[in-house]
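Per TrEMBL, these features apply:
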BINDING   12, 13, 14, 15, 16, 17  ATP binding site
Ligand SMILES: CC(C)(COP(=O)(O)OP(=O)(O)OC[C@H]1O[C@@H](n2cnc3c(N)ncnc32)[C@H](O)[C@@H]1O)[C@@H](O)C(=O)NCCC(=O)NCCS
Ligand SMILES: Nc1ncnc2c1ncn2[C@@H]1O[C@H](COP(=O)(O)OP(=O)(O)OP(=O)(O)O)[C@@H](O)[C@H]1O
């Protein structure tokens, strides 16, 4: 039996970094943002439907994130249309990963896990969490988004506190050492429960 653990949290709160720690503990990891990257690149399954809806978003045969951000900046309702195209393809990618993964625990890094109602599909959900000032600083330090773009994304997500409240495990990502210790505890707990069952 494979235990299915959802991993979520607000933008920039440390999902990818924490997912890597789960991988180091021997878990199989699937990443929704990485799936979107595969879908957007040349030959990816999202290119044709996105080209139809947003011709300006295609650069060199791939979906350009910079172009998409400009499009969404001009018309925030475009994000709903993008989601309508992308989310079903992301779901297909996740299902095929589930069929091929071979580990006792599979971790699914999904930014919009609660927003899309996916929590029902997992045995448990872990949520990363850190103070909002640290979150903003970390995202803006990456230099890929303006403060306005960040505000727009945060406004589209459930409040970070609510995600943490709804999760079975909360992983505080204030330092790498602290996060790693909590990941180890979560994995040990799940493995123990599986052994006892
Ligand atoms: C908006 C886009 C162009 C921004 O691209 P960019 O490379 O700057 O950021 P990246 O993709 O790494 O996303 C960063 C974070 O933004 C948040 N985010 C992304 N899309 C959404 C969304 N539709 N709603 C709320 N938050 C979102 C997530 O926390 C994500 O981890 C891109 O995220 C996108 O095309 N989003 C639509 C597809 C989608 O819904 N992806 C979410 C995972 S399935
Ligand atoms: N436990 C931690 N301690 C210190 N810094 C961290 C920790 N976890 C993540 N970070 C830093 O925070 C930033 C965001 O982390 P990461 O990319 O893992 O977040 P994310 O939730 O996957 O982001 P997004 O929602 O944009 O995909 C990175 O610069 C990362 O190095």
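Cβ atoms here come from the backbone N, Cα and C positions, even for glycine.
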Residues close to ATP site centre defined by 12, 13, 14, 15, 16, 17, Cβ within 8 Å: 9, 18, 128, 173
Cβ neighbours of residue 17 (ATP binding site) where a neighbour is any other Cβ within 10 Å: 14
Neighbourhood of residue 14 (ATP binding site) by C-beta distance under 8 A, where only residues 6 or more apart in the same chain count: 128, 130, 171, 173, 179
Spatial neighbours of residue 12 (ATP binding site) that are distant in sequence (at least 6 apart) but have CB under 8 A: 135, 136, 138, 139, 142
Residue 15 (ATP binding site), number of other Cβ atoms within 10 Å: 26
Neighbourhood of residue 13 (ATP binding site) by C-beta distance under 8 A, where only residues 6 or more apart in the same chain count: 128, 129, 130, 135, 160, 173
Protein Cβ atoms within 10 Å of residue 16 (ATP binding site), excluding its own: 15
Three-state secondary structure, which DSSP defines for residue 17 (ATP binding site): helix
